[in-house]
Amino acid sequence: MLFASSLLFLPLFLLFISSILFTSFASIHIYNHEPFQDVGNAFLLSGGSEGIAASLTIATHPDSIHDGRSYIRFENITFRRRKYEAKARGTVPVHIIIFEAADRDDIGGSVYGGQRAICCTRDLAKMGGCKQGEVIRRASATDINWPIIVDVYFKGKSRIASLDSKEVPITKTGMYNLFFVACDPKLKEIVMTGKTIWKNPDGFLPGRMAPLKKFYVFMALAYIILGIIWLLQYVRFWDDVLQLQHCISAVIGLGLFEMILWYSEYANFNNTGVRPIMVTTWVVTIGAIRKTIARLLILSVSMGYGVVRPTLGGLTSKVLLLGITYLLASELLNITEYVGTIDDVSGRARLILVLPDAFLDAFLILWIFTSLSKTLEQLQAKRSSVKLDIYRKFSNALLVTVISSVVWIGYEVYFKATDPFNERWQSAWIITAFWDTLAFALLCVICYLWAPSQSSQRYAYSEEVGEEFDDEEAVSLTKGKQEGQGELSLVRQEKSARTDASSDEDDESDEDKRE
C-alpha cells in the first residue's frame, strides 16, 4: 500500500510543478537577459550546440516545416549594456560566431604556443592575421566562408544593439556551435535577449534525437506484438493465471505506454520546436515507474515469490523501501536529463544524480543473484525438476543481461571520453536505444518462461508434501509410449501382488479362527 500510494502521489506532485513551468525550449532557443561570462580575454555566452543535417538539394513541401531546409535563424536579438558603459563615442562590436565542431581550432589563437585567446591581442595583431579587439578567425579547410561571424554594433552612447532577423543556411552536416562574444573590456556586464531557431531538413528535432523518433515507433510495435501474444494466453487461461503473471502484464502495459508517449513527445517537438514540460515530465515519470516495477518483479521472482514461498514475508517492507528509493532516484535523474532547457547540466551536478542510481542498480543486482542462488538450492532440495529448469534458464538470461550491461557501460564511457565535442552525434542515439532494447529482450524471456498456460498452477507454491514430486511425474508422462506402457504394467503387477498377499493373509486368519 505504501508503494502504491507513493506512485499516485509522485505524478500529482510533478503535475503541480509542471503547472508552474509551462514550456521549455530546445530547437527554439530563448534568451532572457542572459549575462556573459568572463572566459580568457573575452566575455562569452553560449547560444547552443546541436547536430544539423545539410539542406536537401531539392526542396520538398515548401510550405511546411518538412521543406528540406536547414538553418539557424536569429530573431529579435538585443544586447544591453550598463549606462556607465555607454559613455564612449564610436562603435563597439558584439560578435556572433557560428562554427562546426570540426573547425573549432579555426577560432582563437596564441602567441608562441602560450595561452589560447579568443580575441586578437596586441602581440597577435603585430604578427598579422587579425585586428586587435576582434575575434581571431581562420577560414575552414572545407569552406572559406566558415566559420561565420556576424557583428552587431553599439553606436555612440546607445545602450542597445540589436539584430532584427538573420538566417544562416546550413549546407554541410555537422555539430554546430553558437557563441556570442564581446572583446571590449567595457562590455563585461552586457546581457542578451532574443531567440534563435535551429532547423533540420525534416523539422525542429535536434539531429541527435531525430533517429530516436523512428526507434520508438519500432519499440511500440514490438510491445504491441508481445502484448497481443501475452493477452491471448492471458484470456485463454484466465482461471490459471498467477499473481506473478498479473505483474508481468503491468510491465508490458507500462512499456507500451512509455514508448507511445516518447514518440508523441518527439513528434510534437519536431513539429513545434518546443518541449512542453508537462508532457516530458509525464513521459519520464512513466518510464521511472516501469523501470522500478520491472526491477522489483525480477527481485521477487528471484526470491521465489509464488513458487517457493507464498509471500515475501518480512522482506516485503524492505523490497518496497528499495522500490520507492529507486523510483525517486530514477525520476530525479530522468527529469534532470530530459526535462528543461537546451543545455545539459554541469558534469558535477549530473554525477551527483547518476551515482545514487548506479549504486541502487548495483545493490539490486547483488540482491537478485543472492536470492536466486538460495531459490535454486531450495528447488534442488525439493527435486522440483520443471521449476528448477525454469529458474536455471531465468538465471542464465539474467547473467547475459548483466554482462551485456557491463560491456555496454564500458563502451558508453569510451564513446563519450573519445568524443568530447559530440562529433559522432549521428550514432549517439544507439546509446539510449540499447537500454530499451535490452530491457525488452529480458521481458520477452520472462514472458516465455512464465507464460499463462493450463499448467500454470503447477509452478505455484503449494503446502502439500506431494507437490514437490508433481513436476517429476509430469516430466515422466512425456516419455515414449512403450516406456510408459512398461511402467504402467509394472504398477499393475505390483498392485496385483499386493492384492494376492492380502488375500493370503485373510485366508490364514480365517483358518486360525476355525481352529
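Just so you know, glycine gets a Cβ as well, placed from its N, Cα and C.
As the structure is a computational prediction, the values presented were derived from the model and not from experiment.
As recorded in TrEMBL, the features of this protein are as follows:
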- 211-457: domain 'GOST seven transmembrane' (DOMAIN)
- 215-235: transmembrane segment (TRANSMEM)
- 247-264: transmembrane segment (TRANSMEM)
- 276-298: transmembrane segment (TRANSMEM)
- 349-369: transmembrane segment (TRANSMEM)
- 390-409: transmembrane segment (TRANSMEM)
- 429-451: transmembrane segment (TRANSMEM)
- 472-515: region 'Disordered' (REGION)
- 502-515: compositional bias 'Acidic residues' (COMPBIAS)
Other same-chain positions with a Cβ less than 8 Å from the transmembrane segment (215-235) and lying at least 6 residues past its termini are 241, 245, 248-249, 252-253, 255-256, 259-260, 262-263, 266, 429, 433, 436-437, 440, 443-444, 447, 451-453
Long-range CB partners for the transmembrane segment (247-264) (under 8 A, at least six residues beyond its ends), listed in sequence order, are 212-213, 216-217, 219-220, 223-224, 226-227, 230, 234, 279, 282-283, 286-287, 289-290, 293-294, 297, 300, 436, 439-440, 443, 446-447, 450
Same-chain residues at least 6 beyond the ends of the transmembrane segment (429-451) with a Cβ under 8 Å from one of its Cβ atoms are 208-212, 215, 219, 222-223, 226, 229-230, 233, 242, 244-245, 248, 251-252, 255, 259, 291, 294, 297-298, 301, 390, 393-394, 397-398, 401, 404-405, 408, 412, 415, 459
